[in-house]
Amino acid sequence: MTKLIFMGTPDFSATVLKGLLTDDRYEILAVVTQPDRAVGRKKVIQETPVKQAAKEAGLSIYQPEKLSGSPEMEELMKLGADGIVTAAFGQFLPSKLLDSMDFAVNVHASLLPRHRGGAPIHYALIQGDEEAGVTIMEMVKEMDAGDMISRRSIPITDEDNVGTLFEKLALVGRDLLLDTLPAYIAGDIKPEPQDTSQVTFSPNIKPEEEKLDWNKTNRQLFNQIRGMNPWPVAHTFLKGDRFKIYEALPVEGQGNPGEILSIGKKELIVATAEGALSLKQVQPAGKPKMDIASFLNGVGRTLTVGERFGD
């Protein structure tokens, strides 16, 4: 039985962890995840999905604010683990820790070398990729730069957003890891170096990147909106107030970018630099998320054709 330390944080990671727990070839000695955080307006302390899964399985849990140089790292190195599996952990692993293991692999939610970084699923959508995927790679000190052990792809559809793709890729990552790990541990797989000429980066989304620029095409804005749904959520401004857009569809239309072209009982069409967007799910300032019909029947009922979204 191979003894593992698992490191991860969000639901994606929890799915991978639960997969490992179903396989009796592995023993999880410890789980490392990010500390509990205060979430929302009420600052409710929330455990990570990985911590919740680990508690359900009765596993030892470590939550260092920073792994490097921590007492927790020293404890982990004394457990006698054969290797480390990480999946969206959110911290760099110190070389000292990596060097103490027989192996360390990462489950990364992109088709490396494309989309290294913390937001690969977001960027796959924002940049209009036709496919997404998961790469199992060896851990090195440089971010997502290790040799690739295996990859698996799935198509991206127009119905996908961050939430749906997150769920799909979590299952892909779980299955790919379970399919790959035995042969890798046995030495039957020769990892492949990444082509550095093809590297792209997908860093965490910055607040200023959430803002919609109506001078882009309808397809670009469509991709940005779904590439931020359900988080962090793209926004624009309407009458000076922040206006979030969760869902929209590209449609035909022509007008000044940001201009309202037509209003119906269940339809609000806004011009872009090329074509237009039909808004489907929105959140006006100070209001809950709602479908476009509810918006137009409520706070949006005073809107008129020709008004503008934007600054």
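Cβ atoms here come from the backbone N, Cα and C positions, even for glycine.
Listed features, source Swiss-Prot:
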- SER110, LEU111, LEU112, PRO113: (6S)-5,6,7,8-tetrahydrofolate binding site (BINDING)
Relative to the mean position of the Cβ atoms of SER110, LEU111, LEU112, PRO113, the recorded (6S)-5,6,7,8-tetrahydrofolate site, which additional same-chain residues have Cβ within 8 Å?
HIS108, ARG114, HIS115, ARG116, PRO120, GLY133, THR135, ASP144, MET148, ARG151, GLN194
Which one of these binding-site residues, LEU111, LEU112, has the sparsest Cβ neighbourhood, judged by other Cβ atoms within 10 angstroms?
LEU111
Taking the Cβ of SER110 ((6S)-5,6,7,8-tetrahydrofolate binding site) as the reference point, list residues of the same chain whose Cβ is under 8 angstroms away and which are at least six residues distant in sequence.
ARG116, PRO120, ILE121, ALA124, ALA132, GLY133, VAL134, THR135, SER202
